[in-house]
Amino acid sequence: MASLSDIGLAAAINILSAFTFLLAFAILRIQPINDRVYFPKWYLKGLRSSPLQAGLFVSKFVNLDFKSYIRFLSWMPAALQMPEPELIDHAGLDSAVYLRIYLLGLKIFVPIAFLAFSVMVPVNWTNSTLERSNLTYSQIDKLSISNIPTGSNRFWTHLVMAYAFTFWTCYILKREYQIVATMRLHFLASERRRPDQFTVLVRNVPPDPDESVSELVEHFFLVNHPDHYLTHQVVYNAKKLSSLVSKKKKTQNWLDYYELKYSRNQSTRPSKKTGYLGLWGDRVDAIDFYTTEINRLSKEIELEKDRVTKNPKYIMPAAFVSFRTRWGAAVCAQTQQSRNPTVWLTEWAPEPRDVYWDNMAIPYVSLTIRRLIVAVAFFFLTFFFMIPIAFVQSLANIEGIEKAVPFLKPFIEIKVIKAFIQGFLPGIALKIFLIFLPTILMIMSKFEGYISTSSLERRAATRYYIFQFINVFLGSIITGTAFQQLDKFLHQSANEIPITIGVSIPMKATFFITYIMVDGWAGCAGEILRLKPLIFYHLKNFFLVKTEKDREEAMDPGTFGFNTGEPQIQLYFLLGLVYAVVTPFLLPYIIVFFGLAYVVYRHQIINVYNQEYESAAAFWPDVHGRIIFALVISQLLLMGLLSTKEAANSTPLLITLPVLTIAFHLYCKGRYEPAFIKHPLQEAMMKDTLERAREPNFNLKEFIQNAYIHPVFKGDDDSDSEVMSEKWEEQEPVVVQTKRQSRRNTPLPSKHSGSLSS
């Protein structure tokens, strides 16, 4: 059982670690040689130039302005200065709303902590229940509900506080849901046109022996949406083509490198060996070798393109269908297209950058089987991970370690070593076990077949949260209780065991405090330091970077990582809501995390992260739902805890809380969630009318037609749009236009269930 001194040592270690990370960041970020590591977003936007290009030789690598070292914390106010509308323009709505999750934590827990320390801590502290018991406890536990005697009337204080905390949390959640929903609708109705506003994805197109998939899609939408259908693009299985294009890009990069090398020194032509990694083989002229390779790959790519576009087995029964108006796309995306609900399935198309092309070629009928396999695999992953969790929890018990390895007892009993083991080691050990989990969960989501990166991340985030709830939260409480109180259980009667468990749940707060400090405090400071990207950038820059394009790829700005970041934040919401009534001493540690994380991630989003897609905050219903889930769990745990304290009079009133919370969630789901899954037809029509009046000659087809073409079909240079417009003209010759007129009023055969009018 970690004591107050152990927590103090852990806090000192983590504060010192966080300060060291922040100080190192403050020094490293102002060095010219690290500029691309700490400000990559501005380089990608073309708004920042390298400081290595001018000045003295030493000043190219080391900042010689000593005044800048004095202002080493200037990045903090700078990160808070950018207003939210400007932040949305700079980084996107996803990034701005993601930061609001940290603000939400502060809005919820700062008033709760103030109220808890003003009312509940004095009520808990002014008792001597633990002193008269035979349980192992610390000074922190005297601040918890464990110090209230069984059957005491003081439990009414905790009941009233549970209601107050619930109502406050629900009020803040509703207010925030309304704000984010308004931000999303305003963002979608902005002046800027986006291809996904006019496009739907059609899947499970039924086969037809007389028509190709492309002709069938065109026929179907000309019949059923004659006034709004604009164009379409079928989905190809282009995995082999993708590998050829990728190989050509790498070869082109090597050619650029050797041409640049030759331009600097034209006395000798560069050469290379033809063997693996240039270690053996015949020595040849490098420029001629890579030029020949590029010509060979270009021919292979053209042949593969013809094979993919003309061979029916490479054409998937799916297509991106674009409409002339937002209204037409909204109607199609939100309605059933045929009598048979398993064919002609329509949904909003992801943003072009958000499309996960590797999963577009997966047959729709196999998705259910894939998701069943992943569900079973996730169950076993979650179950068997309890074994290392139990081991981690055993580290928090000095007595358990001494019994397992008695020869280490003299070493372990040293005061500093003992404090380190109980106050710091469990949190860091658990963090290490969780490092590889996000990668495994993302692989599972990709196997399931989701077609957008945002949906992949949201699915992985949901599993990560479930995993953390079962293994980190419940697993830590259950196994920790069993390890710590095993000796007590063996010497107690059966009637006293439930009481011991009820007391031990709040006593587990000490472990979670150490975990918050390790993962939250030091973890945030480590995130802003970017030690791994810093090391990898300089290694790549020294050994691998050959061209400016290589240097740009070596920057690796990354993203805020919704699939890992949001579930981790939700764990703190869960801990805060569960322990707000049980052990309020944990709340200040969570508040420090939310405050530090908000500043750190705001800086990262402004200067570092380059979000690859924009989902317009589609993840907020998941955020809201998980906080509601944490609130209900906290109420159920409090109900179970009070039942062990013989506070039977308060139980009926506590039962009402989960019911009210779930009712509130259903209200919010019905009131605000439609803004995240549907598009209002009224706003779509108004926007279409305004755009037609403002830009009557705007060519929407030319704007859209390049959006949903697989990247491997696009050109290799700045002439992409020209190349692709030629490709679309090839797909729609005069014969097709004539055929289109004949199809416009020709219904599909009944086997397709194609006509909406039928």
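All positions are counted from 1 along the displayed chain.
Using N, Cα and C of the backbone, Cβ positions are placed for all residues, glycine too.
Note that TrEMBL annotation is computational and uncurated.
Over in TrEMBL, the protein carries these features:
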type	residues	note
TRANSMEM	6-28	transmembrane segment
DOMAIN	9-176	domain 'CSC1/OSCA1-like N-terminal transmembrane'
TRANSMEM	101-125	transmembrane segment
TRANSMEM	155-173	transmembrane segment
DOMAIN	197-359	domain 'CSC1/OSCA1-like cytosolic'
DOMAIN	370-642	domain 'CSC1/OSCA1-like 7TM region'
TRANSMEM	372-396	transmembrane segment
TRANSMEM	416-443	transmembrane segment
TRANSMEM	464-483	transmembrane segment
TRANSMEM	571-601	transmembrane segment
TRANSMEM	627-644	transmembrane segment
REGION	716-758	region 'Disordered'
COMPBIAS	744-758	compositional bias 'Polar residues'
Outside the transmembrane segment (627-644), six or more residues from its ends: residues with CB under 8 Å to it
104, 145, 155, 158-159, 162, 166, 169-170, 173, 469, 498-499, 501-503, 505-506, 570, 573-574, 577-578, 580-582, 650-651, 654-655, 657-658, 661-662, 664-665
Chain residues outside the transmembrane segment (101-125) and at least six past its termini with a C-beta under 8 angstroms from it:
142-145, 147-148, 154, 157-158, 161, 164-165, 168-169, 172-173, 176, 566, 569, 572-573, 576, 580-581, 584-585, 587-588, 590-591, 593-595, 597-598, 601, 623, 627
Arithmetic mean of per-residue pLDDT over the domain 'CSC1/OSCA1-like cytosolic' (197-359):
87
